[in-house]
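Everything below concerns the one structure shown next.
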Amino acid sequence: MTNIRKSHPLMKIINNSFIDLPAPSNISSWWNFGSLLGICLALQILTGLFLAMHYTSDTMTAFNSVTHICRDVNYGWVLRYLHANGASMFFICLYLHIGRGLYYGSYMYKETWNIGIILLFTVMATAFMGYVLPWGQMSFWGATVITNLLSAIPYIGTDLVEWIWGGFSVDKATLTRFFAFHFLLPFIISAMVMVHLLFLHETGSNNPTGIPSNMDMIPFHPYYTIKDILGLLIMMTALLALVLFSPDALGDPDNYMPANPLNTPPHIKPEWYFLFAYAILRSIPNKLGGVLALVLSILVLVIIPFLHTSKQRSMTFRPLSQCLFWLLAADLLTLTWIGGQPVEHPYIIIGQLASILYFSIIIILMPLAGLVENHLMKW
């Protein structure tokens, strides 16, 4: 008799994706972040669902409903902080996952990579809309500033912004539609994750050497299920430590003040995981130029497979590219720091230099390093 997991139509799909899936025998812990992202998504949907049961998307009551969740709902504060800090964990895993893809040349699987970029944009949009929902000062002004960027689009900009707002300013209509989309998008993300996995399983996983591993595969279960559980334990330990000991460490104190359209906070800034893009936006004095740079800072990932000049896929044996990669990582940390600083000397010039370096490394220096390394191999 055939094992049910191999014969049942539904179990067969699960079996071929998570149990009997042939995986390279040498993939490192950098390959753990895919499963961690799946767990983060499940956690966000679950905590978000319970929060939505108590939240009201009305400008008069939104702030108070969040306070009510923290004070009066059983373990409401745990739900709220798990959801808020879970988003931070989500983005940490997301950025490390993309970094892994860049380092080991996983972007050569173009379909998987491109779906991943669309996923990144969707997750960023979802997180932005979620940040608006508590209706604190930073929620309101963040929504005003970021949606206002669309007014830089020639001809249709102003109409587009007012259409998104549902009026002439960020108000009740904006909050209601942001809540609706914030609730809907995670389910769309879940569907896109399945497409992401579908494309990945067409080609199989990459590995640290960048060399095809078809002749040396091992079953996903038990080897990588155990490995993923270890990653999960480490991540959950970090998340719970954050939630239970300093839940507001990554938040903005201004968001504990109810939204007031008549009082602008001294420094309007997004959550920490958007600061690098915000720094790039601010580094260009022109509004439209800044918006284009902001979009291109993420969209530049699309052209990376076409800028791959090296004969080797992975950076494991390419010291010059490795130096540039870690310079890029340091540059992104610098941009994140700059994004949280006020717009004054010397932060302005540091931000501008870091922004130029960011695009230069990706578009010019990395392809050049690949060509140089090809020549070095001939020697």
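Glycine is treated like the rest: Cβ placed from N, Cα and C.
As written in Swiss-Prot, here are the features:
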type     : residues      : note
TRANSMEM : 33-53         : transmembrane segment
TRANSMEM : 77-98         : transmembrane segment
BINDING  : His83, His182 : heme b b562 binding site
BINDING  : His97, His196 : heme b b566 binding site
TRANSMEM : 113-133       : transmembrane segment
TRANSMEM : 178-198       : transmembrane segment
BINDING  : His201        : ubiquinone binding site
TRANSMEM : 226-246       : transmembrane segment
TRANSMEM : 288-308       : transmembrane segment
TRANSMEM : 320-340       : transmembrane segment
TRANSMEM : 347-367       : transmembrane segment
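Where Swiss-Prot records a feature, it is marked here on the structure.
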{"residue": "His83", "record": "heme b b562 binding site", "DSSP class": "helix"}
{"residue": "His97", "record": "heme b b566 binding site", "DSSP class": "helix"}
{"residue": "His182", "record": "heme b b562 binding site", "DSSP class": "helix"}
{"residue": "His196", "record": "heme b b566 binding site", "DSSP class": "helix"}
{"residue": "His201", "record": "ubiquinone binding site", "DSSP class": "helix"}
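Around His196 (heme b b566 binding site), a 10 Å sphere centred on its CB holds 21 further CB atoms from the protein chains shown. It is 33-53 that, among the stretches 33-53, 113-133, 226-246, 288-308, 320-340, forms the most Cβ pairs under 8 Å with the transmembrane segment (77-98). Counted over residue pairs 6 or more apart, the CB atoms of the transmembrane segment (226-246) and the transmembrane segment (320-340) come under 8 Å in fewer than three pairs, which marks the two as apart. Panel annotation: around the transmembrane segment (113-133), residues 55, 57, 62, 66, 87, 90-91, 94, 98, 101, 106-107, 139-140, 142-143, 146, 174-175, 178-179, 181-182, 185-186, 188-189, 192-193, 195-196, 199, 270-271, 273-274, 298-299, 301-302, 304-305 of the same chain, lying at least six beyond its termini, place a Cβ under 8 Å from a Cβ of the stretch. Across 33-53, 288-308, 347-367, the stretch most heavily in contact with the transmembrane segment (320-340), judged by Cβ pairs under 8 Å, is 347-367. Residues of the same chain lying 6 or more positions beyond the ends of the transmembrane segment (33-53) and with a Cβ under 8 Å from any Cβ of it are 69, 79-80, 82-83, 86-87, 89-90, 93-94, 96-97, 100, 182-183, 186-187, 189-190, 193, 228, 231-232, 235. Most Cβ neighbours within 10 Å among the binding-site residues His182, His201: this distinction goes to His182.
Distance noted between the C-alpha atoms of His182 (heme b b562 binding site) and His97 (heme b b566 binding site) is 23 Å.
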